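Annotated active site, proton acceptor per Swiss-Prot: His174, in sequence order. Taken from Swiss-Prot, the feature NAD(+) binding site applies to Gly7, Ala8, Gly9, Asn10, Val11, Gly12, Asp32, Asn94, Val117, Ser118, Asn119, supported by sequence analysis. Positions annotated as substrate binding site by Swiss-Prot: Arg81, Arg87, Asn119, Arg150.
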Amino acid sequence: MKITVIGAGNVGATATQRIVEKQLAREVVLVDVVDGVPQGKALDMYESAPVELFDTRVVGTTGYEETAGSDIILITAGRPRKPGMSRDDLLAMNTEIVKTVTEEAVSKSPNAIIIVVSNPLDVMTYVAYVRSGFPKERVIGMAGVLDTARFRTFIAMELNVSVQDVNAFVLGGHGDSMVPVVKYTTVAGIPISELLPQDRIAALVDRARKGGIEIVNYLKTGSAYYAPSASAVEMIDAIVNDRKRIMPCSAYVTGQYGLNDVFVGVPVKLGRGGVEQVLEINLDEADRNALQASANEVKESCEKVNSMMQ
């Protein structure tokens with residue numbers, strides 16, 4: 001198994017370290033445009049091998065020759081969010097970046113599965129899909145895994161329980177229009193509605209929607225990377241080990257939930273083939289309408305980037 005990580009910033013570098021520590025590949029190639037950064041970080045990680053006891057080879061490069069034959073391509077490259085900047089503000093500047101790195105990477109690894117982390121997430125996943133020419137099953141966005149992790153964390157904090165006992169699904173676009181599905185939120189199998197009053201549930205839903213910007217506002221000069229990298233690597237683990245995990249991911253829908261031809265967060269079965277199935281769960285009218293509205297927002301942004309990719 002060979003994995004390429006594009007972007008040696010905080011998310012990419014942290015994801016690379018997690019991949020090698022979990023020994024999910026025989027080789028990981030870290031790519032960045034800034035000469036010296038991927039090489040230095042890769043060497044630093046490789047030097048931790050005797051301590052962490054992994055044999056995965058870590059290579060840093062500014063080119064793509066070393067990435068040839070990759071099984072998975074993780075795209076984290078892009079400009080970061082800054083305070084006061086919405087994900088949509090990133091649209092123009094990151095479209096060109098994701099377009100370029102996708103074309104470079106897939107020319108060397110035509111059979112890979114692409115996982116996109118760059119923001120705005122769902123739209124950048126669409127860019128990678130269009131520029132790669134890959135089947136829809138092999139292009140996936142890391143959205144719902146992270147959003148769900150945040151929602152589960154906030155619930156665990158509120159109830160003072162283990163996060164392991166909290167189950168939830170956050171669907172829709174990776175942004176303010178995401179849809180935390182309260183109907184499927186449980187703690188050790190107990191519906192959240194039996195444990196918290198409606199106003200507290202609503203507050204946690206709102207905090208989950210603003211989870212990314214909350215961290216941006218704290219950091220002032222950067223954005224989240226520990227939870228995003230962990231979420232991406234959880235997806236990689238599901239693919240590498242063919243686990244058939246059920247995860248909320250940004251996937252291309254073709255009629256499910258009444259949606260067509262758009263990348264949006266939905267429950268999927270993730271295995272060695274990438275998105276092996278999109279699961280269609282029952283949603284109440286409010287959640288279904290919210291999912292439709294979220295998908296419409298993504299579609300509007302995709303229409304904008306179509307002209308940028310001409």
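Easy rule for this one: first residue shown is 1, then count along the chain.
Each Cβ is built from the backbone N, Cα and C atoms, and glycine gets one as well.
Here the features listed in Swiss-Prot are placed on the structure.
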| residue | record | Cβ within 10 Å |
| --- | --- | --- |
| Gly7 | NAD(+) binding site | 25 |
| Gly9 | NAD(+) binding site | 19 |
| Val11 | NAD(+) binding site | 27 |
| Asp32 | NAD(+) binding site | 24 |
| Val117 | NAD(+) binding site | 29 |
| Asn119 | NAD(+) binding site | 28 |
| Arg150 | substrate binding site | 25 |
| His174 | active site, proton acceptor | 29 |
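Among Gly7, Ala8, Gly9, Asn10, Val11, Gly12, Asp32, Asn94, Val117, Ser118, Asn119, the residues given in the record as binding NAD(+), the maximal Cα to Cα distance rounds to 17 Å. Distance from the CA of the residue listed as 'active site, proton acceptor' to the CA of Val11 (NAD(+) binding site) is 16 Å. When the recorded positions Val117, Asn119, His174 are ranked by how far their Cα is from the Cα of Arg150 (substrate binding site), His174 comes first. Between the CA atoms of Val117 (NAD(+) binding site) and His174 (active site, proton acceptor) there is a gap of 10 Å, rounded to the nearest whole number.
According to DSSP, Asp32 (NAD(+) binding site) sits in a coil region rather than a helix or strand. Of the recorded residues, Gly7 (NAD(+) binding site) and His174 (active site, proton acceptor) place their C-alpha atoms 20 Å from one another. Among the binding-site residues Gly9, Asp32, Asn119, the ones whose Cα sits within 10 Å of the Cα of the residue listed as 'active site, proton acceptor' are Asn119, in sequence order. According to its DSSP assignment, Asn119 (NAD(+) binding site) is coil.
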